[in-house]
Amino acid sequence: MRAFACLSILFMFPVCLGLGKSVTTITDENWQSVLEGEWMLEFMAPWCPACRQFSETWSKLADWSRDLDINVGVVDVTENPGLSGRFLVAALPTIYHIKDGEFRQYKSGRKEDELMSFVDDKKWQEVEPVSWYLSPGSYQMGAVGFFFKLAMKIRALYTMMIEEYGIPEWGCYVIFAIATIMTGLILGLVIVFLCDFVFPSRPSPPSTYMYDKRKGQGETNKADEDDQDIIDDTKDSHQNNIPPKEMSDDSKKSKEEDIPKVADSPKSQTRKRNVRKAD
């Protein structure tokens with residue numbers, strides 16, 4: 001009986017300490033659960049040697065999660081590429097501390113006591129949270145995650161085209177290039193159509209500068225035509241040998257008055273000789 005009591009105490013002791021809680025697997029479908037409460041979230045990959053070495057420490061942290069009043073999660077980036085893009089995971093393993101939707105990246109030691117101290121002593125308050133425009137919960141980071149998922153699907157399609165259908169690599173590149181060009185053209189047409197539909201173009205009023213410029217050109221052309229008519233009339237009169245019209249007497253007088261009178265030169269004056277009588 002005493003032995004049974006001792007075994008019961010040994011069995012209940014880990015439960016009282018909070019041991020035995022497993023690590024929660026986070027995927028693209030349930031990742032929003034980390035926005036509530038306090039979480040320690042690890043990003044890993046099965047092929048990563050550092051991740052395999054760190055997995056035991058991470059499991060021990062999960063065993064203490066009840067006492068620390070936190071949740072411990074893990075994300076496999078090979079199965080959830082959208083989350084790796086949403087959180088901008090550039091190295092493995094990457095650890096995030098999440099508190100009520102506020103994200104902080106953990107960059108301290110990787111030992112069990114250091115992880116527990118970071119949570120228990122609230123050292124996460126000393127870490128600057130992720131900026132709002134880089135927050136994994138924002139729309140723009142959701143778009144980044146979407147493109148990460150799209151890239152992984154294209155990669156899977158590329159592998160299938162080579163391994164299952166036997167298409168050479170250059171053939172795959174040509175197919176992807178044509179698909180990219182066609183997609184760009186279709187998206188461009190859709191964007192232009194939407195812009196014209198939302199913001200229809202309005203006819204702009206004629207510019208005052210252009211009106212004045214055209215008016216000036218019209219006057220210049222009219223003056224040139226008048227000059228050309230005068231020149232043509234003169235040419236016609238010479239060609240037809242039409243005698244010029246005689247000037248009237250009044251015109252002659254006015255013309256003579258306009259011409260300045262030149263005084264007679266001494267040479268032009270007639271010398272008068274005094275005739276002497278002969279003796």
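We count from 1, first residue shown onward.
For all residues, glycine too, the Cβ spot is worked out from N, Cα and C.
Heads up, TrEMBL stuff is auto-annotated, nobody curated it.
The annotation compositional bias 'Basic and acidic residues' is assigned in TrEMBL to 211-223, 246-261. Residues annotated as compositional bias 'Basic residues' in TrEMBL: 269-279. If you look up TrEMBL, you'll see 17-124 marked as domain 'Thioredoxin'. Residues or ranges marked as region 'Disordered' in TrEMBL: 208-279. Look at TrEMBL and you will find 1-18 tagged as signal peptide. If you look up TrEMBL, you'll see 139-158, 170-194 marked as transmembrane segment.
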Stretch-averaged pLDDT - the domain 'Thioredoxin' (17-124): 91
Counts by DSSP class (helix H/G/I, strand E/B, coil) across the domain 'Thioredoxin' (17-124): 42 helix, 26 strand, 40 coil
